[in-house]
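K.L.:
Structure in C-alpha cells, see below.
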Amino acid sequence: MTSRTERRGVSAALKQGQITPTELCQKCLSLIKKTKFLNAYITVSEEVALKQAEESEKRYKKGRSLGDLDGIPIAVKDNFSTSGIETTCASNMLKGYVPPYNATVVQKLLDQGAVLMGKTNLDEFAMGSGSTDGAFGPVKNPWSYSKQYREKRKQKPHGEKEDSDWLITGGSSGGSAAAVAAFTCFAALGSDTGGSTRNPAAHCGVVGFKPSYGLVSRHGLIPLVNSMDVPGILTRCVDDAAIVLGMLAGHDPKDSTTIQDPVKPFTLPTLTDVSKLCIGIPKEYLAPELSGEVRSFWSKAANLFESEGAKVIEVSLPHTSYSIVCYHVLCTSEVASNMARFDGLEYGHRCDINVSTEAMYAATRREGFNDVVRGRILAGNFFLLKENYENYFIKAQKVRRLIANDFVKVFNSGVDVLLTPTTLRGAAPYLEFIKEDNRTRSAEDDIFTQAVNMAGLPAVSVPVALSNLGLPIGLQFIGRAFCDQQLLKIAKWFEKQVQFPVIQLQELMDDGSSISEIEKLASVSLKH
Amino acid sequence: MWALATRLGLRSWLGWRRGFTSKADPQGSGRVTAEVIEHLERLALVDFGSQEAVARLEKAIAFADRLRAVDTDGVEPMESVLEDRCLYLRSDSVVEGNCAEELLQNAHQVVEEYFVAPPGNISLPKQDEQEPFSDN
C-alpha cells in the first residue's frame, strides 16, 4: 500500500485536472453503496452531491476554485441542520423533519465548495458511546471487515461474511467516523459533548478533533448540553482536520457563545523539534480498567517524546474520579431542558391524541424518544427538582469549577499539552457492548474524554497503532484553551512518527475495482 | 386504526402508572417513590414506562450521590467556561425573517398561520382517576 509520505493531495489533483469533482463524487457515492452494510449513513444526498460536484467542476474549469475544500466530498452527522435535507438525530421524534436552514458550520463548508454526500448515523440525539441506540439501527465498524482484523481472527478474508461478531464504532458520532474510515468522504462533522467525536475516532482509526468551546459555532447543531457541545471534525489525517478547522472557526453572530477574537485560516506548520515541549501525563488517568495494550501504547508514546528531547512529566488532576459523575448530573440536567422543545406542535413527530396539550405532549414524547433519551430527561428533572437542585445541580457546577481549575493549574505550571488514552480498550463486539445499558457504558467509555468538555479545552484523538486483535487504538492530546493550532501541530508531529497503517478493506476490493483507484482514495489527504 | 392503537397505548401506559408499586432496589437509593415518579412524569411529560426505568433512575441517583464526597466549600458554581468574557450582543436590527410559510411546513396541524394545539389547562389524570378520554 502507498505509504502516507507518498500521498498526493486530492486538492492538488482536482486543481491539476487529474480527477474531476464529478468523478470524485461518483467514486464516493459508489463506495457508499458498497459499504451500505456499515449503516454509516442515514441519508445519502446523491442528487444534491452531484449537483454540487457539477458546480465545482465549472469553477475548476474557469480556474476559479474556492479553495482546498472545493469539490471535496464531506459528510455531516445527522444532528446538524441541513436545509432541504432530512435531519433526524436518529430519533423517531424528528423522522421526516426537514430544516429550513443550514447549521453555520454546514453553510461554511458549502460556501467553500464542499460536496455533501449525506447525513451520518449516530446514537439517538447523540446520547451514547456506541452509535448503537439510534432509530435507524447501529453503525458497524469498518475494521470488523478489515484484512488486519480478520487475519488475526483466522477468518478467510474472502469467505462467507461472518457478520454476527461485528464491532461497534464507538459514539455517538459513529456514522461520521465510519464514513471517513471507509473512504466514502474526506472529512466529516461530528459533535462532541463528552467525547462523541474522539471516542469513535479512536475505535475507527481516524483523527477526531474537538475544538475549544467557543471557537466554532453551534448554531444549527441540535443541542444536547449547551455549555459543553462543540462541533467535532473527523478526518484521516491531522493536516486535513486543521484545514477544516481553519474554515469553521470564528465568531458567529448567530451563536453568542462564540468568542469574538479574530480567527484566520492557517496552514499547519510542521514541527521538527519537540525539545522545547513539556508533555504532561495525568497520573489519575491510569485507571485500573485500562487495558494493558492501551497502557503500553501510552507509555511508548511518552517515551517517544522523551527520546526526542521533550520534557515529559507526571501531573495531577485530583478531581478526575468525580469528573464522570459531575458530567452525568450536568448533562442530564441540561438535556432535560433542551429536550423540552420537542412537543409535536411546530415540528417533528406528533401523536394522534387531541384531548389536551399535556396528553398530546406526553404521548408524542413517549412515541418519539427512546428509553435512553427518556431516562436522561427523567434523571435530569430529578436533579433539578427544588429539593434536589442545591445538592445535585449546583453541587455539580461547583465540582465542574474544581475540574476546570485542575487543568488550569497544570497548564500554568508549564505543561504545553497533556497526553492520555482516548478509550479504555479497542472497539468491542456489538453483542458484548449491549450487555450493559447505555448509561453504564457511557460512564465507562467517556472516562478519559468528558473532563475536557467540562473545561472547554481542545483535544484530539490520533490513531496510534493496531492492537493484538488488529484493531485501532488512539491516544488523546489535550491542549490549552484556544491553543488549538499548537495542539494540532504537536498531534501532526506525533502522527508522522507512528505511521498508523491504512485499513485494508477486502469488501471494496473484491468486485474487481482496480486496486490503484482504491489506493488513490485510501492514501490521499486534502493536501500534501 | 392508528388512533385506536394510540389510545390503547395511552391507556395501558396510564394503567401501568396506576398499578405501580415501589420496590426497593439493592443498588438504588430508595428515593424514587410513587410520588416522585408521578411528579417527574408530569414535569417531564415523559413516562417511565417500566419498572426497569425506575431502577435505572435509582442507579443514576446513587451514581450522582458520589459527588457528596467532594469538598466544595467556598467554591462558586461554574455555569460556562467562558464566564470571564462578555457575551456578544448583536445590534437590534432586523436582517432576516418573513419565513412563516417555511416554518409552518414542518408542523402537522396548521390552520392559516397558526399551529393548532389541543385544548390547554387540562392536567394529566392523576394515578387513581379514571381516564377522561372520550372517543375522538
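Placed from the backbone N, Cα and C atoms, the Cβ positions cover glycine too.
Grabbed the feature section from TrEMBL, which reads as follows:
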DOMAIN    A:26-146  domain 'Amidase'
ACT_SITE  A:K77  active site, charge relay system
REGION    A:147-166  region 'Disordered'
DOMAIN    A:168-488  domain 'Amidase'
ACT_SITE  A:S172  active site, charge relay system
ACT_SITE  A:S196  active site, acyl-ester intermediate
K.L.:
Are there any residues at least 6 positions away along the chain from A:S196 (active site, acyl-ester intermediate) with a Cβ closer than 8 Å to its Cβ? List them or say none.
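P.N.:
Listed in sequence order: A:A126, A:S129, A:G171, A:S172, A:S173, A:G190, A:G232.
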K.L.:
Sequence gap of 6 or more, C-beta under 8 Å: which same-chain residues meet both conditions with respect to A:K77 (active site, charge relay system)?
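P.N.:
In sequence order, A:K119, A:T120, A:L122, A:A126, A:S173, A:G175, A:S176, A:A188, A:L189, A:G190, A:S191 meet the Cβ cut-off.
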K.L.:
Would you count the other CB atoms within 10 A of the CB of A:S172 (active site, charge relay system), including those on all shown protein chains?
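P.N.:
Neighbour count, Cβ to Cβ under the 10 Å cut-off: 38.
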